[in-house]
Amino acid sequence: MENSERDVDEAAMQSSSARKNGGWITFPFIIATMAGLSLASGGWTSNLIVFLINEFNMKSIKAAKVYNVVNGLTSLFPILGGIIADSYLGCFSVIWISSLISALGILLLLLTAAIDVLRPAACDDGSSLCTSPSKHQYAVLYVALGLASLGVAGTRFTIAPMGANQFDKPKHQAIFFDWYIFAFYTSFAISTTAIVYVEDNISWSWGFGISLACNILGLAMFLAGKRFYRHVKEQGGSPFINLARVIVAAIRKWRVPLSEQTQNYYHGTSDTTTTTTSPVPTKLFKFLNSAAFITEGDSKSDGSIRNPWRLCTVQQVEDLKSLIKLSPLWASGLLISTQLVMQTSLLILQALKMDRHMGPHFEIPAGSMLVFIMLFTCIMISIIDGLLYPFLAKYTRFSITPLQRIGIGHVLTIVSMAVSALVESRRLRLVRSHHLQGQNGAIVPMSVFWLVPQLALNGIGEGFHFPGHMGFYYQEFPASLKSTSTAMVALFIGIAYYIGNGLIDLVQRLSGWLPDNINDGRMDNVFWLCCVLGSANFIYYLVFSSLYKYKNMDNKPDDVPSK
């Protein structure tokens, strides 16, 4: 009997030790997975515009719009992956299934590059004399892009909450998010240089083949760490259904007079995990409190709910309130992302019209210019995590909150757009002075490195606001929606790609700023427009961030700084 008890105690101690150190044990597996999958996705997305123009004879603006649609899908689909992970399958299953789907999509892209019949006859720069792709060629291309996008979406932002779930302390979770984004951007930077160089100078088949190999390697690393992961139990039903029930129940009982007595509100049965920070619903959005108010016939004799569409728990009501509180701040992410979308999609068109030579024999691929954004993002994250935070902790009593970090990112993004406008103005002056208007293939005698300052500001800004957004939403979202929390960042990025497309369509319809040959347009005015929109959005953000109060900040002074 004593031996049995000793075995139980030892097992409990081992379990506790594994749980305590599990985050750091799983850390290399998750980061390696992120690195492999990011190398794969960067290999086919970063040079997609050039691929569509050169191999599928698309006009430059149409190729940019397809690029925005693809990036929109990779950013919109994560919300679906988050919901499935939170509700049914869990993060682990969503990640490995999505990795297989992305591998299939990249394989189809590889086939379009390798098999001549799957793409139109070769042509230069999407000229009107070129042969357009057939319906079957378009079908294979779009199926490949759809599968690859779906796979990327199911992994990229689902890996983030799974990695954070391995840690208990918000401080360690914040460190993980910084390194997660560092791995993501570093891998993407490598792919936009090395793999893009292979695509431009050897063959598209080799480039997509390397991407496929990286995808498979990332999946293998993820599966190798399976025995070490802490698996968070899925809900067994959609938490979004619970939120909908709160709205329906509140509407059905909106005339019921409420009380301040805790026994009049439903907290769940003893076998359900419905812990809440308040025994009575908070007064914020008080009209929702009726959803948890017990009226005659709402519960059974054993205390369970008779009709979940008429009575909800206090925790479910508070979860919905927290999402409503977050929604104005989430909306501010739409325009900051739209600015970045416009800059990155138009950047490649600029680079194609500029001198990309680095020495007499080497020409920088246009798609590789994106590497400067990632490079400066990684540098900034390293400075913030390795220098700024330790310095503030050691020498001052000041600490940067997640919302302040996001706000700094807003400012830097606006400045980046202004610099973009100034650089484009100079490029257009050279176009006019060298009489290059109307010449479709004309290259402006201006080094592509003039684009680096705006990309540096863009990257530094992302080093502030991207990890800030992810950490903020993971911290503030309800516990039942942790996998969905980081996907909400992807959601506003995805919507921003479609807003960017809509803005391009609007500009083309109302002005001559964005013709197919950008040397004949006024792209600088587009950047100034984005600058104005970003400034208005920043003012909006300042108002709502100043009104927001963090959850449970008073008892987390060391791990999560208060405002």
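Placed from the backbone N, Cα and C atoms, the Cβ positions cover glycine too.
Heads up, TrEMBL stuff is auto-annotated, nobody curated it.
TrEMBL has this to say about the protein:
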{"type": "TRANSMEM", "residues": "29-54", "note": "transmembrane segment"}
{"type": "TRANSMEM", "residues": "66-89", "note": "transmembrane segment"}
{"type": "TRANSMEM", "residues": "95-118", "note": "transmembrane segment"}
{"type": "TRANSMEM", "residues": "139-159", "note": "transmembrane segment"}
{"type": "TRANSMEM", "residues": "179-198", "note": "transmembrane segment"}
{"type": "TRANSMEM", "residues": "205-224", "note": "transmembrane segment"}
{"type": "TRANSMEM", "residues": "329-349", "note": "transmembrane segment"}
{"type": "TRANSMEM", "residues": "370-391", "note": "transmembrane segment"}
{"type": "TRANSMEM", "residues": "403-423", "note": "transmembrane segment"}
{"type": "TRANSMEM", "residues": "487-506", "note": "transmembrane segment"}
{"type": "TRANSMEM", "residues": "526-548", "note": "transmembrane segment"}
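If you look at the transmembrane segment (403-423) against the transmembrane segment (205-224), you find fewer than three C-beta pairs under 8 angstroms, all six or more positions apart, and that falls short of contact. Here the transmembrane segment (370-391) has Cβ contacts under 8 Å with residues 46, 175, 178-179, 181-182, 185-186, 188-189, 192-193, 344, 347-348, 399-400, 451-452, 455-456, 458-460, 462-464, 466-467 of the same chain, all six or more residues outside its ends. With respect to Cβ pairs under 8 Å, the transmembrane segment (29-54) is most closely packed against 205-224, considering the stretches 95-118, 139-159, 205-224. Within its own chain, the transmembrane segment (487-506) is flanked in space by residues 61, 64-65, 68-69, 71-79, 81-82, 153, 156-158, 330-331, 333-335, 337-338, 340-342, 345, 466, 469-470, 473, 477, 514, 529, which lie at least six positions past its ends and keep a Cβ under 8 Å from the stretch. Across the candidate stretches 66-89, 95-118, 139-159, 179-198, 329-349, the maximum count of CB pairs under 8 A to the transmembrane segment (205-224) is reached by 95-118. Highest Cβ pair count under 8 Å relative to the transmembrane segment (95-118), across stretches 66-89, 139-159, 179-198, 329-349, 526-548: 139-159. Note on the transmembrane segment (139-159): residues 30, 33-34, 37-38, 41, 44-45, 56, 66, 70, 73-78, 80-82, 85, 91, 94-95, 97-106, 108-109, 111-112, 118-119, 133, 180, 184, 483, 486-487, 489-490 of its chain, located 6 or more positions outside it, place their CB under 8 angstroms from a CB of the stretch.
Looking at which of 66-89, 179-198, 526-548 has the most CB pairs under 8 Å to the transmembrane segment (329-349), the answer is the stretch 526-548.
Long-range Cβ contacts of the transmembrane segment (526-548) within its own chain (Cβ-Cβ under 8 Å, at least 6 residues beyond either end) map to 325, 328-329, 332, 335-336, 338-339, 342-343, 346, 403, 406-407, 410-411, 413-414, 417-418, 420-421, 424, 503, 507, 513-514.
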